[in-house]
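A short worksheet on the structure shown next.
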Amino acid sequence: MWSSQSVNNGIQNNKENVTQKNDTKIPTLGMTSAISTAPPKPSDLLKTAELEEALKPFDVFETEQELNHRMVILGKLYSLVKQWIKDVSISRNMPESVAENVGGKIYTFGSYRLGVHNKGADIDALCVAPRHIFRSDFFNSFYELLKKQPEVTDLRAVEEAFVPVIKMNFDGIEIDMLFAKLLLKEIPDSMDLRDDLLLKNLDQKCVRSLNGCRVTDEILRLVPNIDNFRLALRAIKLWAKRHGIYSNALGYLGGVSWAMLVARTCQLYPNAAAATLVHKFFLVFSQWKWPQPVLLKQPSSVNLGFAVWDPRVNIQDRYHLMPIITPAYPQQNSTFNVSASTRHIMMEEFKLGLQLTDDIMLNKQSWDKLFEPPLFFMKYKHFIVLLVSAETAEDHLEWCGLVESKFRLLIGTLERNQYITLAHINPESFSQLESQREPNTQCSMWFIGLEFAKTENLNVNLTYDIQSFTETVQNHALNINMLKEGMKLEARHVKRKQLYQYLSPSLIKRERKTSVSARSQTNGTESKKRHSDPGNSDSDIPNKKMRLSEELHTTYDDSSNNSTSLNGNDDSNSNISLTDEAHNVPQNAPPHTSNTPSTQEAVCT
């Protein structure tokens, strides 16, 4: 589909390229030859052992007993599927002797299939059935069968989802179960889902359901050393989660995307130990020439009529900012949600990760440092806080899921504002403080850090942007009959010094303390440099100290809890305004269609 040269993955620009001797043949794994086939040195193996020890406190490894428990659960689920398919077959006048042998199978995919799941992580499973079993059977008779199982709780069906799913808790383990019908009379136990011809004449929902298993199996097939891949991926996934860049829905990368980036690193360094792979991961992707795509193999030439990622044919594919292409047909971009802001944030994290792993490999830092979370709330002076509330736990879970799925629309809108250079959403949600919460409600909050252009006397009005977002969410909830009494969505502008009204004092104190420590270390380094450089003037040091003092000892004295505006003069001489209407979207409120800002608008000058 694409030539190897056209997607050489930008490796030629990599400063790590190793000059090979003329008589040394480098194997090709993936789209290009390896950068280095050097075996691990004793120091690399030592670093790998240290990495594995550093991961243990974060519960990324399960015990034998916990792994066996998962196997028992999957065994029970498989027995239920077999019995269900037999019963449905008999109900359709199939002889019992034939129905006994039509089969049906459970496949796993995602982190569990890759072997990198954490303690307590869910299992992604796929039920594959023969051609006379329909999706409607799965969501009706099989759903009813699950209801009768004493081990099953929190059972819910999402039949209208892009990829239809039954969610449940099976004996303490969360399971997301998909369904796919193959056009076969029987499903043998030896069925290999990697066969592309199995997709022929299937509907889109079945193809999407099969895609998870097919992609996972291809990833495992395309890495040179599965054990090294798994340990490196565990480390990268933990790092991404701790640094707030693990969420496909919010425009960062999801699990399969991180797996493909680590797999590509393994292909480029096929004999490297896990610690070296983590280091090289940051080296490779801190320099990647996006939107050059990441591919693990030459795309298939299969043509069964399904849409595949191909920017030569599909115009919309040309606008993807960070394409990471799945290796199984039909090839898709797993990162189409990535925005300019989220890509910038991830690239900065890649660069910081490279600096840190450089130090780790030189014994200047320990692996623990890699998993320290960044100082999100000390990084920005202005935030939009989104408050999502409902009256019951069930409504709150459902409402949060819908609102969270729409956050990237707001990020996109904010990015298009010429005066906003960065809109950084933190994937972590926070519970509203008890003192601020309305009685008999549950409220979760998400924070978006804002960075503004350095422009004098700038007024930024986000009224319409916020209204458009809240109305979009509300209208969607109305269309799918999900909006219920007590469901609310609020958006507020908040200064850093007002965060104490929303976050626990311990979190703010911890971030401020870490920030002070980091600044002190930085200033100490700069001071040494100034003293060692006789040409450096100290005339501006008092001013620098004064600004640092003001930054670190901000007094939290703002008494307003529902500010409708915030002054950006602290860092950009900008003013931000928001109407009262834009803050709160009550249940069943009529959509606001006017493009004219409200006369209630509050502007700081």
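The backbone N, Cα and C atoms fix where each Cβ goes, and this holds for glycine too.
According to TrEMBL, the feature compositional bias 'Polar residues' maps to 1-21 (among others).
What TrEMBL records for 30-223 is domain 'Poly(A) polymerase nucleotidyltransferase'. In the predicted model, the domain 'Poly(A) polymerase nucleotidyltransferase' (30-223) has a mean pLDDT of 95.
Among the features that TrEMBL reports, Mg(2+) 2 binding site is placed at ASP122, ASP124, ASP176.
Shown in sequence order, ILE173, GLU174, ILE175, ASP176 are the residues of the chain, 6+ apart in sequence, with a C-beta less than 8 angstroms from the C-beta of ASP122 (Mg(2+) 2 binding site). The feature Mg(2+) 1 binding site is assigned by TrEMBL to ASP122, ASP124.
Across the domain 'Poly(A) polymerase central' (228-372), DSSP classifies residues as 74 helix, 6 strand, 65 coil. Among the features that TrEMBL reports, domain 'Poly(A) polymerase central' is placed at 228-372.
Annotated domain 'Poly(A) polymerase RNA-binding' per TrEMBL: 376-434, in sequence order.
The compositional bias 'Polar residues' annotation in TrEMBL covers 515-525 (among others).
TrEMBL lists 585-605 (among others) with the feature compositional bias 'Polar residues'.
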Sequence-distant neighbours of ASP124 (Mg(2+) 2 binding site) in its chain (C-beta under 8 A, six or more apart): THR108, PHE109, GLY110, SER111, TYR112, ARG113, ASP176, LEU178, GLY212
Secondary structure composition of the domain 'Poly(A) polymerase RNA-binding' (376-434) [DSSP: H/G/I, E/B, coil]: 26 helix, 17 strand, 16 coil
